[in-house]
Amino acid sequence: MAAAALLLGLALLAPRAAGAGMGACYDGAGRPQRCLPVFENAAFGRLAQASHTCGSPPEDFCPHVGAAGAGAHCQRCDAADPQRHHNASYLTDFHSQDESTWWQSPSMAFGVQYPTSVNITLRLGKAYEITYVRLKFHTSRPESFAIYKRSRADGPWEPYQFYSASCQKTYGRPEGQYLRPGEDERVAFCTSEFSDISPLSGGNVAFSTLEGRPSAYNFEESPGLQEWVTSTELLISLDRLNTFGDDIFKDPKVLQSYYYAVSDFSVGGRCKCNGHASECGPDVAGQLACRCQHNTTGTDCERCLPFFQDRPWARGTAEAAHECLPCNCSGRSEECTFDRELFRSTGHGGRCHHCRDHTAGPHCERCQENFYHWDPRMPCQPCDCQSAGSLHLQCDDTGTCACKPTVTGWKCDRCLPGFHSLSEGGCRPCTCNPAGSLDTCDPRSGRCPCKENVEGNLCDRCRPGTFNLQPHNPAGCSSCFCYGHSKVCASTAQFQVHHILSDFHQGAEGWWARSVGGSEHPPQWSPNGVLLSPEDEEELTAPEKFLGDQRFSYGQPLILTFRVPPGDSPLPVQLRLEGTGLALSLRHSSLSGPQDAGHPREVELRFHLQETSEDVAPPLPPFHFQRLLANLTSLRLRVSPGPSPAGPVFLTEVRLTSARPGLSPPASWVEICSCPTGYTGQFCESCAPGYKREMPQGGPYASCVPCTCNQHGTCDPNTGICVCSHHTEGPSCERCLPGFYGNPFAGQADDCQPCPCPGQSACTTIPESREVVCTHCPPGQRGRRCEVCDDGFFGDPLGLFGHPQPCHQCQCSGNVDPNAVGNCDPLSGHCLRCLHNTTGDHCEHCQEGFYGSALAPRPADKCMPCSCHPQGSVSEQMPCDPVTGQCSCLPHVTARDCSRCYPGFFDLQPGRGCRSCKCHPLGSQEDQCHPKTGQCTCRPGVTGQACDRCQLGFFGFSIKGCRACRCSPLGAASAQCHENGTCVCRPGFEGYKCDRCHDNFFLTADGTHCQQCPSCYALVKEEAAKLKARLTLTEGWLQGSDCGSPWGPLDILLGEAPRGDVYQGHHLLPGAREAFLEQMMSLEGAVKAAREQLQRLNKGARCAQAGSQKTCTQLADLEAVLESSEEEILHAAAILASLEIPQEGPSQPTKWSHLATEARALARSHRDTATKIAATAWRALLASNTSYALLWNLLEGRVALETQRDLEDRYQEVQAAQKALRTAVAEVLPEAESVLATVQQVGADTAPYLALLASPGALPQKSRAEDLGLKAKALEKTVASWQHMATEAARTLQTAAQATLRQTEPLTKLHQEARAALTQASSSVQAATVTVMGARTLLADLEGMKLQFPRPKDQAALQRKADSVSDRLLADTRKKTKQAERMLGNAAPLSSSAKKKGREAEVLAKDSAKLAKALLRERKQAHRRASRLTSQTQATLQQASQQVLASEARRQELEEAERVGAGLSEMEQQIRESRISLEKDIETLSELLARLGSLDTHQAPAQALNETQWALERLRLQLGSPGSLQRKLSLLEQESQQQELQIQGFESDLAEIRADKQNLEAILHSLPENCASWQ
């Protein structure tokens, strides 16, 4: 049965036409026919896939007896063994009955049994039309298995056939199902036909795809069956094994005998190509595909090629090949698609796309819409019909469009003549004004072509600067004349037409003829007119009525009427006009008259007096043409040479059209001008009141400018000279009369006020402060109101510093430069700039370091320099006596300049003086020595620098000198003898002079030496020696006894022995006295130096200028103590000098020695006290200077940062000064110790001899010494007391300085917060700019005054005034800047409301007090801080200056600041609301004011303000925008202005203080460099 079904499928799929070649798609005639690929086993060689295959792992299987391959033993399946594997490749390999191979699944022992299925999948690579599927089993066939297929590669699995003995149970399908005709034939059947267990081997299962399908015999017409047989993949699902039922015992041998095994898997069918291909093969991608014919494409030739869409695609059948036909696109496209509707209606379904050449239609057979072509072979062209002018956009075959009425053109793109503005409604008619247009309107825009002076779309109005639109005017409108001052004019109704006429009825009427040579003569006149002779080339000159102002003839005709012979042509006549330096010629522009050839005729020649006329030479602009007519000086007619006329030619009439005042007929060409400001008159020919000609007497053509009389008078409109009033003068009333002051530029009657100066002398006003300053004070006076004395004068005219004192000329003894400035003090008259080395209130003394007469008439005889010798003078004292010139010399130094030593002294050394020669009183002839070497003049035989020893070969040092030794040259060992005159003898010689031989010695024969006598003489010599020794012993005993000789042995008294050693002690006491006096003088010098240092401290503390009272009192007391000490020392020195010291004194200590010891102790204590006083005073001076500098800076009103910095610098200076004092004490201490050692040495030397004072003869001296000791003790106590006071004063000053430094702590915080206050300076920029302009004007006036007073002294005075004014302007600028800080202080720091309160209070406090720089961060804390700082400032200012404002005013101002601080809380809410809107503005302000903060104080204010003016203007525009912010700023500015008014009084006082301070600084700078300075 399976074989029968298989044969049926093959028969149905085979071609019906016998003999038709299935491989050819075209027959022998080239006609298409169906073609099919070969029928094949599609499974052969293709690799099938099995889900389960035995051998992995290897296993044993036991075939049933009777099965193929069954034997006695079981076999083994091993996938790794090529001989024993049974993989899926054996399904589709070559099948042989003899050598069978098979695929085998695992046995039941491995779980292969229902419901576990084993699947075999076969992929065909493309769609095949399957005829049958055959399976040959190596074992028994399965009890249940199924065949599935896929119609397309990505399609679902579809059931193909089910085989099962339990169809319903296993697959849910009935067994033995069949189909009726009309039912869906794509249904899988289930059958039990092949489900028996027998045969055990080699059973076949053949499935025919068309078996049981009713339409199988009509396969070509059944798409369902065609799709049913189509498959791309096949799947065999082996679901249940057939068993004998012995598997239930699970015997392994039994289970190993049940498994699936297939030896062959065959699929019969053809490659599906739908009848359009005869073969299949791999494509470029290696995939199996049909090689399509019949213009088809696709893997299965399932569609037509893109351009072969003329009919629908269809399978090729035996009856028809259904070849795809190409589309008909008329050669204008290569793309088309199949359109079923088009095919249904036309039989051709190919619809072309993307037709070229602007064609359209299914076959590109016609032009697109709005395109055309005149030849079907040509491309279509666009119609381009104008949409607005065409009835529709489609044109005919010629491209001509159908136009709307009033529209023309091939494309209906233009209007007909007389129409314009093509639109959807067609064209509109032109409405050009014929008087102003030249032709019809532009057909596109409708704009009319206007004449030169006409404008508008319709040419219906004159251009600006013209008027009187007239048809006969070639330019349309006439140009406005208005004397060049206006371009706006119109026709006036106040003038009528007027004709200037010459008809020659009564003669030539003033016309003259001029020949070529230039001579004038009356023309030839007859009743017919004036005879013209063209051959003579004469000119006719018009009379006066045609000349002059003929502006009203501009643009009007000048008509000449001639009487000419019949048939003659018009004469070539030229018209020449001259006037105002201009000239031009015109030719006639028209000809009129009857053309009667038989009679003489009248001919009119018309000339238009306008620049647009033809043949105008040279061409002139309209204004110049009218200017020529305004002053026409000559009008001449000239007949050019030409053909001789047939008869006489007469000029019968000349008519010039003009105008004159009247109403009818109106002369519309006369203008009335609309004059700009400053002009008046119908033609703007006059200057309006208050205006003048820019060029005096310039006439109506000159421009008018405003009178520059500053509202103080009127000016002549032609000359411009002002007639001034209101006490003003000048060409422009720009200054007040002498004796008046004010700002005449304000334009008010009371601008100039009488000067409040003596005798109403001249004055001026500072522009910003409005301060009146007198400029011509009486001789000897100066100042803003002449309130101070002029340079070189002194006094107090207004009694500002006491009783009024008139100004007197300073008396400086002729020792000042009369041309210098600041020679004397303006109040006291004390001279400040003394010359010729003079000083004093009136330069009546010589300066320190100079001597002579300061009042000498000749400068050479005045003060001369001391020129003290630097080595011999005392540098600490005054250089010299101011009268004698005697310098203060060091000890033992003399001469006026201390250039040499006293007699008896030598070796001049700096700081020490001269040393004593110390010439020996016995050995020297005098007590003087050489001033350089110190060599004394010795007595005979004496040598040594001090003549204190005998020369070699001399002895007997005495008052007479030394005597010669006269030692025997033969017997003496040397020329020098002993002090007793005995010589040193050679052996064998003896005697004082060694001039004899010893006893028992004799002189040799040669006389060279002494020879010993024989030995017998020795005994005698020994005995004589014994006797001599006893004599010597006796002699010694006699010398040791007191025999009334106080000085020595008798031989000394007799002059037999030296006397130097004996007499030397007689001079010890006088030498000690001199040394002691020298030390006393040194002590006196030290006291003087201390006094001078105290005086310098006194000056440094400004005790002469109301300095610190406590400090100055202590310094005065110290000076009194030093003065008393000096007096005591001088008294003691005088007593010591007057004492008579005896030649000898007691050897025991006396009371005098004790007093001397006490004096040394007192001197030491005095020296130490003086050192401490100097150190304390120096510290007091530094502390005072520091405090004074601090107070002075506060008085000047410097900012907190500068105050803090200065105080810190001063504190460092105090510490540096203390360190310097310690260094100075360390340097002075060795010198003091040296002095003390000297005093001690002197005391030790004199102590033995001072004991003589205990004798009765010394009682007066001892009494004096006791008094001196008592005074010294009192001096010590006084010095100790004042030392204590000085220490306390220094401690007090040190405490005050530390307290002052502690006051800077709030100023440090002020410095941090004051930087933000600089952001409040912008709103005063404009006012400051005006200030600078005023300052420049005033300085220019001062420079002018400088030219009037060329003397140097006057120049200096003017320069001082200019400096004062500049300083005031700068102060005023600072004031305005601070006012701006206050104005912006309410708006700028909006970023922080709490910080805003502090900054606002800081501005008020700084501008009010100039001393308290603390900020009001919070109202209460700021108030307490300001009060504390103000109280400290008040206490300090009372000691530093009498010009500080009263504390009551500061208290009121601080209360005002407190009230302002209270008002800040009310503004806090408004500030918070405005914060967001001003954030960007704050950034701009911060950048701007950062530059202001870094501004150099010496930079001109104008320069700085000009640099920032543009940024401030931009910010002002932003802040000036309307809104709530502007209103709030206005309120803040009003409040700031109120505060400004309250502070102005205090600022005025501060300005006065600054002025006084500047005067003091000027005095300070004028002092010589060696004068005392308190800075």
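Each residue, glycine too, has its Cβ placed from N, Cα and C.
Disulfide annotation in Swiss-Prot: CYS477 is bonded to CYS462, selected among CYS459, CYS462, CYS489. Within the set CYS846, CYS880, the cysteine that Swiss-Prot bonds to CYS866 via a disulfide is CYS880. Within the set 263-307, 398-442, 1523-1567, the record from Swiss-Prot flags 1523-1567 under the feature coiled coil. Among CYS824, CYS843, the one Swiss-Prot lists as the disulfide partner of CYS834 is CYS843.
Among the candidates CYS985, CYS1010, the disulfide partner that Swiss-Prot records for CYS994 is CYS985.
Here Swiss-Prot gives region 'Disordered' for one range in the set 212-233, 696-717, 718-739, 1378-1399: that range is 1378-1399. Of the candidate ranges 53-80, 557-584, 1201-1228, 1257-1284, Swiss-Prot annotates residues 1201-1228 with the feature coiled coil. Broken down with DSSP, the domain 'Laminin EGF-like 9' (866-916) shows 0 helix, 17 strand, 34 coil. Across the domain 'Laminin EGF-like 5' (673-706), the prediction's mean pLDDT works out to 90. Within the same chain, residues 480-486, 488-490, 492, 627, 714-720 sit at least 6 positions outside the domain 'Laminin EGF-like 5' (673-706) and bring their C-beta atoms closer than 8 Å to a C-beta of that stretch.
For the domain 'Laminin EGF-like 10' (917-964), the number of residues in each DSSP class (helix H, G, I; strand E, B; coil) is 0 helix, 22 strand, 26 coil.
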